[in-house]
Amino acid sequence: MRGDNQSSVSEFLLLGLPIRPEQQGMFFALFLGMYLTTVLGNLLIILLIRLDSRLHTPMYFFLSHLAFTDISFSSVTAPKMLMNMYTQDQSISYAGCISQVYFFLFWGDLDSLLLTSMAYDRYVAICHPLHYTTIMSQSLCVLLVIVSWVQSCASALLHTLLLARLSFCGDNTLSHFFCDLSTLLKLSSSDTTVNELLILTVGVVVITVPLICILVSYGRIGATILKVPSTKGICKALSTCGSHLSVVSLYYGAIIGLYFFPSSNNSNNKDVIVAVLYTLVTPMLNPFIYSLRNRDMKGALGTKKKKIMRRNNQSSVSEFLLLGLPIRPEQQGMFFALFLGMYLTTVLGNLLIILLIRLDSRLHTPMYFFLSHLAFTDISFSSVTAPKMLMNMHTQDQSISYAGCISQVYFFIFWGDLDSFLLTSMAYDRYVAICHPLHYTTIMSQSLCVLLVIVSWVQSCASALLHTLLLARLSFCGDNTLSHFFCDLSTLLKLSSSDTTVNELLILTVGVVVITVPLICILVSYGRIGATILKVPSTKGICKALSTCGSHLSVVSLYYGAIIGLYFFPSSNNSSNKDVIVAVLYTLVTPMLNPFIYSLRNRDMKGALGSILNRGTCSSR
């Protein structure tokens, strides 16, 4: 708390990468691709290890933790770097900088300690093969991981607490693309002797000692391999270590180049470039190393590919039959016209919102920035189910292909989750606007808004991808009739002839992240807004405050009301009509009503619409 009082610096400026302005777009696309490859590649490793029983060994137990650590490590720096490149806003708040230092050190140290555990595992496997299962027991593996997490947490916390006590009264420019600890210490106007001493001592514990342990392990492995009489035995022993050795070489090679042979004070371009290698390239290459150089991983990946390729052979189901809505045949025409009108209204109404926000400069604010994304999401969300439903009603053909069904599940979850995250961002925007009006423009900066949207997209993509990959591994050998008008995930799981325990567990855990947590955040935001409004003395002030929240509250009530009714209070197995009707409300009615809510209840939108209409009338004259 005293850090802010001691320091005149409320934010730092990150100079970023030494890239010319005309190259920004190319490098942005390159680094975005690298980051997404890192996330998806390491997620694939985790998924393969979880799904293939042959990989349920100590080595792959550590590898799954390493993959998760690599995702987290890259996520500390890459999103902020990409956002700065996209928005050209190089600032980072004091609190954000301190947080980045903590998580960078935490995940970096954890990487080092996990690589050491993996080296010990390889040493036991090659030097003591007969005692391997006894020594590398499940309890020891879990203990090694817990010790690694605790040690990394303690190390990062020590550095961060000592950094937070320093003052920054002069220059606030960091010649880096993230808040590097050593770069920050150079900027401080306080005595940094204790910090530098801690870097040396803790560096020995989390970098030097693990590296020595790894070298000793491989020294003993080398000595053991030389005693093996057959060439085949030597090759087999080396193959179990090749992937790990490659990762260790990349990781420690980058660290040694960055911290043990730093560049001069006048030229730090090398430091920044090596840091990119350390934070982006190495985590991205790990999945390739473990898939291209590792027979077990290639075998597991090949098995999963064959299972997917044999889907039609394993299963008599090449398509599903959608029973659709509980409508009598003579009512089909009327409901077709009704739903077609609702879908067209959804598309045109939300397109109008996007157009108004784009054309009227008064609407170029954070609230309407999020609203434009919400409108686009609503169009996309309705388009996942409505066109197929309308086509089935028109042609009386209720079938949907297996691939089409899986695709529909992915996009339904993706756009549905994105809706939830965007509504949460809008609630936070309203909270800042009402509870902290004087700091609104500072807090809700363009960079923060873009970051919130990017995080929403990435998290929604990851959630939908996980559900879809786990669904694609299931077999459907029996009934292929879905009592719904689209491919609903929970309905598909009931049809599967495979074990769906993992899928159901994922629905529960991910549901907390994408539904429960956002809903709690929204409720907390409006709880604080309510407390602030009650302190406003004038009725006019209360009405003004409420008017800025009315539209958003209405949309939130519709959205979460439908979800709670559909998923938290499901109907019995014998009667699914209620589920189908609520799903219509959720997928068609709510997206259609959003434009009306934001045009009828919102003065800014009505004003923008009036201006556009007046402009059109004047131009026609």
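One-based numbering along the chain as shown.
Cβ from N, Cα, C; glycine included.
Those TrEMBL annotations? Automatic predictions, nothing curated.
Long-range contacts of the transmembrane segment (26-48) within the same chain: residues 17, 19, 55, 63-64, 67-68, 70-71, 74-75, 78-79, 81-82, 85-86, 280-281, 283-284, 286-288, 290-291, 297, 300-301, 304, 458, 462, 465-466, 469-470, each at least 6 residues beyond the stretch ends and with a Cβ under 8 Å from a Cβ of the stretch. Annotation comment: TrEMBL describes 26-48 (among others) as transmembrane segment.
Under the heading domain 'G-protein coupled receptors family 1 profile', TrEMBL lists 41-290 (among others).
Sequence annotations record features per position, and here TrEMBL assigns transmembrane segment to 60-79 (among others).
Below 8 angstroms of C-beta separation, residues 3, 58, 61-62, 65, 98, 101-103, 105-107, 109-110, 113-114, 117, 120, 181, 184-185, 194-195, 198-199, 202, 205-206 of the same chain, each at least six residues beyond the ends of the transmembrane segment (140-164), sit close to that stretch. Among the features that TrEMBL reports, transmembrane segment is placed at 140-164 (among others).
According to TrEMBL, the transmembrane segment annotation covers 197-216 (among others).
Among the features that TrEMBL reports, transmembrane segment is placed at 237-260 (among others).
What TrEMBL lists as transmembrane segment is 272-292 (among others). Same-chain residues lying 6+ beyond the ends of the transmembrane segment (272-292) with a Cβ under 8 Å from its Cβ atoms: 17-18, 31, 34-35, 37-38, 41-42, 44-45, 63, 66-67, 70-71, 73-74, 76-78, 175-178, 180, 243, 246-247, 250-251, 254-255, 257-258, 298, 301.
Residues or ranges marked as transmembrane segment in TrEMBL: 335-357 (among others).
For 349-598 (among others), the entry in TrEMBL reads domain 'G-protein coupled receptors family 1 profile'.
Non-local neighbours of the transmembrane segment (369-387) in the same chain are 339, 342-343, 346-347, 350-351, 353-354, 357-358, 408, 411-412, 415-416, 418-419, 422-423, 425-426, 429, 449, 452-453, 485-486, 555, 587-588, 590-592, 594-595, 598; each lies 6+ residues outside the stretch with a CB under 8 Å from one of its CB atoms. Feature annotation from TrEMBL assigns transmembrane segment to 369-387 (among others).
If you look up TrEMBL, you'll see 505-524 (among others) marked as transmembrane segment.
According to TrEMBL, the feature transmembrane segment maps to 545-568 (among others).
Sequence-distant neighbours of the transmembrane segment (580-600) (same chain, 6+ residues past either end, Cβ-Cβ under 8 Å): 325-326, 339, 342-343, 345-346, 349-350, 352-353, 371, 374-375, 378-379, 381-382, 384-386, 483-486, 488, 551, 554-555, 558-559, 562-563, 565-566, 606, 609. Residues annotated as transmembrane segment in TrEMBL: 580-600 (among others).
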State the residues, same chain only, that lie 6 or more residues beyond the ends of the transmembrane segment (335-357) and have a CB under 8 A from a CB inside it; answer 'none' if no residue qualifies.
-> 325, 327, 363-364, 368-369, 371-372, 375-376, 378-379, 382-383, 386-387, 389-390, 393-394, 588-589, 591-592, 594-596, 598-599, 605, 608-609, 612
